[in-house]
Structures are given as C-alpha cells and as structure tokens.
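Feature annotations, courtesy of Swiss-Prot:
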BINDING   Arg86, Gly124, Thr125, Arg126  phosphate binding site
Amino acid sequence: MRPSQRQANELRPVRLTRRYTRHAEGSVLVEFGDTRVLCTASVEEAVPPFLKGKGRGWVTAEYGMLPRATHTRSAREAAKGKQTGRTQEIQRLIGRSLRAVVDLAALGERQVVIDCDVLQADGGTRTASITGAYVALHDALEGLVAAGKLAANPMTDFVAAISVGIVDGVPVLDLDYTEDSGCDTDMNVVMTGSGGIIEVQGTAEGTPFSRTELNALIDLAEAGIGRLVELQKAALAGA
C-alpha cells in the first residue's frame with residue numbers, strides 16, 4: 001500500500017474550481033490532493049512580433065511557485081533577477097501542451113497568456129498546471145465566442161497530464177512528493193482526450209527501466225489521463 005493508502009492506479013482526489021478569480025477571462029483552482037495551483041487565462045488583442053501580420057494567434061504560459069508553497073521558504077525568482085531552468089522548462093511545457101489542442105489560425109491575431117501559480121506543492125505541479133490550464137483556456141475562449149469575436153471555440157481536443165513512476169519496483173500513478181522524492185523512475189505524460197501523445201518526460205533516478213516497464217507506465221498514464229479528461233468535461237458542464 002502507498003503512503004497515501006491509494007492503489008497503484010489511483011489518482012489523488014482531483015478538484016477543478018472554475019471562475020476562481022474575478023478579473024481573468026478564465027481562471028481555475030486545480031487541486032491534486034495537497035497540490036494546489038491557480039491557473040488564469042488572459043486574452044491580449046495582440047500577438048508576439050514574430051506573428052504580426054500572419055493571421056495566427058498564440059498561446060503561451062508562465063509558471064511560478066509562491067515562496068512558501070514548499071516545506072521551506074524559497075526566495076522569489078523576481079528577487080533573484082532570473083528564472084531557474086526548471087521554471088523555464090515547465091512553462092514551455094505548459095505552452096506547448098495547450099497549443100497542441102488549439103487551432104491558432106482560427107484564434108486570429110490575439111494571444112492568450114496562461115499563468116500557473118503554485119499555491120501549495122506536494123508533487124505533480126506541472127501536470128496539475130496543464131490539466132487546470134486547459135479549463136481556464138477553454139473558458140477564456142468561450143468568452144471570446146460569447147462576445148462575438150470568434151465564430152467558434154478554436155480548441156480541437158482536450159488535454160491533460162499526469163505523473164507516473166516506479167516506486168519499490170511497482171508502477172504507480174500520480175506521485176505525491178514523498179513518492180516522487182524516492183522513486184526509481186519518474187515520468188510525466190501529456191496526452192489529448194483522443195489519446196494522442198504530446199509529451200513524455202521520463203528519467204531513471206537509479207536503476208534503468210525496461211521497455212516493458214515503460215509500456216506499463218504509459219498505459220497507467222493513459223488511463224489516468226482519461227479520468228482527468230472526464231473531470232474536465234464535468235467541470236465545464238457545470239454552470
């Protein structure tokens with residue numbers, strides 16, 4: 001049995017709370033167990049310079065952690081004057097994942113900026129960010145449809161992400177911090193609602209993993225992401 005008393009293929013309790021803030025066009029508080037991330041989507045009626053005049057839009061993301069999101073306080077990156085490599089990697093991953101399910105030509109010459117701010121971290125912050133950011137982006141784009149600025153929502157599919165890993169020789173789903181810090185293999189998987197793979201990030205922390213174990217982890221992630229997509233659909237079906 002895992003430290004959280006979950007089965008190997010069991011997600012932590014997941015909650016998606018829409019319209020969590022007042023000002024952003026889309027906002028979601030996403031909770032994966034004790035990991036909590038505030039995701040907002042802000043619409044800008046302009047595009048980056050490299051897209052000007054090309055008739056296409058853009059979706060980008062920024063990611064950060066509150067100083068006391070972790071067990072001990074971390075200095076704000078703004079105070080240090082630069083972002084860490086980890087932060088840059090995660091925000092690029094979030095942006096890539098969302099752009100994979102948006103028809104950027106249909107979006108028109110506008111940009112949506114996703115902000116993912118980790119309020120409390122207990123493992124899986126990047127996967128929670130992607131899963132919550134999808135819902136925030138969906139709401140922001142629906143707002144453009146309601147305002148008559150878009151004929152239809154340009155999102156082409158759902159997208160969600162989950163962590164998997166090998167802990168004490170057993171493939172497990174949705175690692176918390178305790179498992180993540182002591183696992184043999186750590187992997188993050190991003191997939192669409194229709195089963196397309198967007199990204200797989202996998203590392204052997206100690207003993208190399210086999211192709212059979214890799215396949216088992218992907219299968220575990222695919223099933224978990226399927227459940228997350230159902231939760232996204234349920235959240236979006238709410239008033």
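Placement of Cβ uses the backbone N, Cα and C atoms for every residue, glycine included.
Since we're looking at a predicted model, the values are computed, not measured.
Feature annotations (Swiss-Prot) mapped to structure.
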residue : record                 : CB count, 10 Å
Arg86   : phosphate binding site : 11
Gly124  : phosphate binding site : 25
Thr125  : phosphate binding site : 25
Arg126  : phosphate binding site : 23
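The phosphate-binding residues named in the record, Arg86, Gly124, Thr125, Arg126, extend over a maximum Cα to Cα distance of 13 Å. Taking the mean position of the Cβ atoms of Arg86, Gly124, Thr125, Arg126 as the phosphate site, the remaining same-chain residues with a Cβ inside 8 Å of that point are Tyr63, Ile90, Val118, Ala121, Gly123, Thr127, Ala128, Ser129, Asn188.
Reduced to three states, the DSSP call for Thr125 (phosphate binding site) is helix. The DSSP secondary structure for Arg86 (phosphate binding site) is helix.
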